[in-house]
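S.K.: Have a look at the structure that comes next, please.
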Amino acid sequence: MPTVVVMDVSLSMTRPVSVEGSEEYQRKHLAAHGLTMLFEHMATNYKLEFTALVVFSSLWELMVPFTRDYNTLQEALSNMDDYDKTCLESALVGVCNIVQQEWGGAIPCQVVLVTDGCLGIGRGSLRHSLATQNQRSESNRFPLPFPFPSKLYVMCMANLEELQSTDSLECLERLIDLNNGEGQIFTIDGPLCLKNVQSMFGKLIDLAYTPFHAVLKCGHLTADVQVFPRPEPFVIDEEIDPIPKVINTDLEIVGFIDIADISSPPVLSRHLVLPIALNKEGDEVGAGITDDNEDENSANQIAGKIPNFCVLLHGSLKVEGMVALVQLGPEWHGMLYSQADSKKKSNLMMSLFEPGPEPLPWLGKMAQLGPISDAKENPYGEDDNKSPFPLQPKNKRSYAQNVTVWIKPSGLQTDVQKILRNARKLPEKTQTFYKELNRLRKAALAFGFLDLLKGVADMLERECTLLPDTAHPDAAFQLTHAAQQLKLASTEYAIYDHNITPLHTDFSGSSTERM
């Protein structure tokens, strides 16, 4: 998941730190040292991660937009200037803006806030922001919780005793609470020095940036892989005392199934599966990046000559048009499949299903799936022209019939236009007109969209006034009748199961004969 590093460059970060030796350090130097350590780790183990660098004081500035070039990020650390007072709220607003602009509101993001624990002074300080949080309008709301899935990690260039001497720690903890409890505060253990800063950032790396290594198994074939991004623990909301479920480091393939049968299932998350080549001594080859391009190329050449099960699996799934079902834990499955980035490039991906014995209802229970050879006859037919899926449920599904869907404005517009087209062809299209009218009426009542009924009634009355002199007399009667019935349906006394029927007129018989 993307990372935004938010660096405090206010005057308080220039406070000197007494460190052994002749060189004088400031708190911002300690912060830059810790971030350099983080960037070096990510360049080696998280090189697919996108990272952005934001600096702030009373205002915020995007120093480096989202990038995978960690050399650029490290250069920006050495080019930061000092500014005025601290305003954490402006920094959080900046994070909201750049993440939503780049990734939208659905992609999880990690925010690493590096500060010295000073909250600012007066208006714009964190104390003032938290005190006035509940007195704001919606357009000026406090930026937490972030409008996207996130974790907020606060790296304090101060020890716990210094923060507890004021209310700084309490205010920073409020930030984590406002972010739905997603995140953590890190402080320096002991005196402020480079070693203790490294230790603090090491804890962050262990918590959030440790690569997930696993062993992919299929029978006697195995491969060491890295799953990126790291799968997050999943909590089942229905449980009384929920315990986070974590996937196993042994990923065992339990079977294969056609892509058409798996269709497009709901998943919790998607991950890249990257092979890790090992040499005879068990050291990683070709994993991560090195400073020396020649060493990197030679390592990649060595890794490319070693047979790897991941390559075999990826190619087979791509050619055969199948997916592999993989067991992640007790009653928890996922699928491995090939996904194309472009016409020439594709990747081995893994998607995680929701935990449970039956994550995909149309496949039935995972434990009851078996090989084709166990069936008395081929369930796919001799010519591969049929499929045993989807399994037909015993009970009638509520979604078995055609339903009205207005997810997009175009769907609603199409249904209204269909009614108007039939209205202009009355009385020949009387039955079709009332069929579409009743379908729209029921959908509008189900959604509570009463204004739609009033609007369509007004449109029908307008169509009635626009009828040409050559129009059949029955058309005007039917349009007026339909408009009146829609207006009645828009009241609180409307009955959902009631159907609007055509008005019987002296002209109805002749129109029916023409139909």
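For all residues, glycine too, the Cβ spot is worked out from N, Cα and C.
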S.K.: Among Thr72, Thr86, Thr115, Thr132, which residue does Swiss-Prot annotate as binding Mg(2+) together with Ser10, Ser12?
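M.R.: So, going by the record in Swiss-Prot, that would be Thr86.
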S.K.: Give the number of CB atoms, excluding that of Ser10 (Mg(2+) binding site) itself, located within 10 Å of its CB.
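M.R.: For Ser10 (Mg(2+) binding site), the count of other Cβ atoms within 10 Å is 22.
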S.K.: Give the distance between the Cα atoms of Lys418 (N6-acetyllysine) and Ser12 (Mg(2+) binding site), rounded to the nearest whole Å.
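M.R.: Cα-Cα, rounded: 67 Å.
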S.K.: Write out, in the order they occur in the sequence, the residues of the chain not among Ser10, Ser12, Thr86 that have a C-beta within 8 Å of the mean position of the C-beta atoms of the recorded Mg(2+) site.
M.R.: Asp8, Leu11, Met13, Ser57, Asp84, Lys85, Thr115, Asp116, Cys118, Gly120
S.K.: Long-range neighbours only, meaning 6 or more apart in sequence with Cβ under 8 Å: which ones does Ser12 (Mg(2+) binding site) have?
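M.R.: Set apart from Ser12 (Mg(2+) binding site) by at least 6 residues yet with Cβ under 8 Å, we have Arg27, Thr86, Asp116, Cys118.
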S.K.: Along the domain 'VWFA' (2-204), what average pLDDT does this model show?
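M.R.: Here the mean pLDDT over the domain 'VWFA' (2-204) amounts to 87.
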S.K.: Using all protein chains in view, find how many other C-beta atoms are within 10 Å of the C-beta of Thr86 (Mg(2+) binding site).
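M.R.: Step by step: centre on the Cβ of Thr86 (Mg(2+) binding site), count other Cβ atoms within 10 Å, giving 27.
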S.K.: Does DSSP put Ser10 (Mg(2+) binding site) in a helix, in a strand, or in coil?
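M.R.: Going by the DSSP assignment, Ser10 (Mg(2+) binding site) belongs to neither helix nor strand, so it counts as coil.
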